[in-house]
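Visitor: Residues annotated as domain 'ABC transmembrane type-1' in TrEMBL: A:104-320. Summarising the annotation, TrEMBL assigns region 'Disordered' to A:1-36. Here TrEMBL flags A:44-63, A:108-129, A:138-162, A:195-216, A:251-273, A:299-321 as transmembrane segment.
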């Protein structure tokens with residue numbers, strides 16, 4: 001800590017620089033180099049806490065998970081603390097099974113549908129925020145932040161109540177509006193209707209993030225550009241596509257990227273709404289990994305599935321990753 | 001209360017002398033297992049939701065603390081997801097010392113090596129345990145748990161609603177029961193019966209009644225038996241029951257708690273455990289005076305419906321460092337006095353024939369007893385435990401049939417999953 005403080009100090013005030021440097025115990029020739037070396041180390045030192053946290057909280061579990069995926073680990077082995085290596089058996093079992101590929105396909109489609117909806121609705125709400133008057137903007141903002149701040153499980157429980165079969169508000173309203181056949185409709189009875197509820201929940205939860213981000217992006221657009229555009233005879237649509245959109249593009253890419261990750265790995269909501277049911281038809285990859293691994297107490301197989309999930313996510317996001325990396329390079 | 005305490009002291013005193021006689025029963029971790037050596041220790045017991053009435057906990061704790069000088073801590077667990085929880089707990093270095101384990105799940109745990117061998121204890125206190133109920137805890141010739149109590153489902157009904165429908169007597173056959181439910185539906189605005197689509201324990205009873213089992217042996221391994229015509233017949237009966245209910249077809253009896261639905265007073269009956277009546281009363285005190293019980297009627301008046309004999313065993317964690325203390329607890333909890341008290345308070349079947357006198361005058365137990373006589377369990381094999389894991393394929397089968405699939409098609413749909421789970425290596 002003291003090193004860091006000193007480092008920052010030296011950067012600001014050259015006069016103080018010499019004071020903390022100790023008398024030359026290591027030989028006079030090294031003294032001139034020392035401050036700049038320390039200077040060079042400062043960013044790494046500043047990164048250290050974050051890196052350490054990542055390694056401890058993410059890296060280590062990941063390594064452990066990787067090791068588990070090559071083991072035959074069931075309740076007996078877990079309870080007796082036995083380690084039974086079984087090579088790539090778990091991966092072979094998963095990859096040659098029908099279930100896994102169904103789930104992958106389903107997860108990809110699920111992610112695509114969600115992300116498209118989230119980006120479309122989120123962008124529209126974001127643009128709306130930019131056009132609204134002060135008071136309405138504040139109101140909408142508060143609403144968005146509240147939706148965003150709602151804990152996952154609480155939100156999921158509320159949605160379960162809304163769509164409950166016998167006493168749910170949604171069925172009651174539909175019944176009142178004249179759809180009497182919906183009075184006792186079981187939303188969690190089929191794959192499509194369960195997905196409808198889950199997607200609605202996920203979109204509702206994600207829209208605030210996208211909307212607020214894009215609203216923030218619009219505030220960076222200089223007003224003069226619109227004036228110039230209108231002088232050149234651009235209509236509403238034209239000035240949107242040639243002024244607003246180019247400014248928003250990097251934000252759109254970044255949020256899409258984040259949303260893909262967020263939806264792909266969404267576990268809490270998908271599992272809590274109907275536990276991947278009915279008949280395991282709404283299991284996405286993370287839920288599948290949980291049901292096979294923890295639920296069926298087949299921990300090694302579960303670990304293998306979760307590893308494959310990471311690989312699948314990397315493949316899906318590779319396009320964006322490459323773009324982001326390229327952008328970084330360009331900027332350098 | 002005073003008298004009970006006095007009795008407890010007497011019993012505790014007797015216990016001390018008994019254990020002094022059999023004091024040399026192996027060299028468990030508790031050296032000099034005198035009462036004082038346990039001072040300062042705390043024994044943790046995991047009991048399931050509904051198993052331990054408050055009065056019983058109070059009495060047993062008093063007796064235990066008096067005798068051993070150690071503290072006793074009960075922690076109540078929910079059935080939902082219990083297998084994962086127990087597996088994790090048993091793998092830890094500091095597991096709960098004593099656990100209540102469901103009878104159908106006991107063989108699977110015995111096979112994991114997570115439960116301590118209680119064969120010696122059986123020699124001391126269990127020679128007169130009813131063999132049929134002790135059987136689920138025996139694995140490869142060793143006793144891995146002590147049978148604790150058994151219970152089966154009965155019909156719990158709302159007398160007021162039945163009286164309103166003009167029904168005078170409780171039904172003696174299944175057809176009479178259906179007719180009564182029909183009458184309730186027509187003459188009152190109540191839901192005749194609350195039966196969610198996934199009360200698979202009731203369904204298991206129906207299959208036993210048809211003389212079938214959920215799995216069968218194929219060579220040296222077990223496979224699904226859902227395609228059996230007898231199972232299909234059982235499912236048809238279930239479907240007929242469910243047709244009198246508006247309960248969700250894809251939920252079990254615990255989500256929402258059926259007793260709490262019943263407690264609202266708009267349900268004619270439900271099929272449940274005796275203790276669920278207590279849950280209903282807790283939710284709505286006013287329902288207490290309207291509660292009635294009867295045996296689930298069978299095809300004919302002379303033979304009631306078969307039921308799933310739910311039961312619980314008490315096991316000691318192999319990883320517990322308080323083996324001797326845990327055995328002390330089992331000796332007290334399973335003593336004639338407290339085993340009898342549990343039977344009396346909860347209306348459950350005790351682990352010894354001689355204690356069944358405690359059930360006299362208990363309406364639930366009297367309704368349950370005839371069913372228990374023709375009851376059964378799921379196959380008591382280690383492979384079975386995996387089938388009960390969520391999502392339980394038996395439940396998926398039931399929902400599929402109730403949603404209009406033919407039993408044969410529904411059986412085909414889940415067979416792969418069941419067989420996969422039955423073949424799962426340990």
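Cβ atoms are placed via backbone N, Cα and C, with glycine included.
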Visitor: Checking distant contacts: for the transmembrane segment (A:138-162), what same-chain residues at least six beyond its ends satisfy Cβ-Cβ under 8 A?
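Guide: That would be 125, 128-129, 132, 168-170, 197, 200-201, 204-205, 207-209, 211-212, 268-269, 272-273.
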Visitor: Counting Cβ pairs under 8 Å that sit 6 or more residues apart, are there three or more between the transmembrane segment (A:195-216) and the transmembrane segment (A:44-63)?
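Guide: Touching, no - the transmembrane segment (A:195-216) and the transmembrane segment (A:44-63) miss the threshold of 3 or more Cβ pairs under 8 Å.
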Visitor: Other than its close neighbours in sequence, what residues sit by the transmembrane segment (A:251-273), given a CB gap under 8 Å and a spacing of at least six beyond its ends?
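Guide: Sequence-distant neighbours of the transmembrane segment (A:251-273): 107, 110-111, 114-115, 118-119, 122-123, 152-153, 155-157, 159-160, 188, 194, 197-198, 201-202, 205-206, 209-210, 213-214, 216-217, 282-287, 290, 309, 312-313, 316-317, 320, 323-324.
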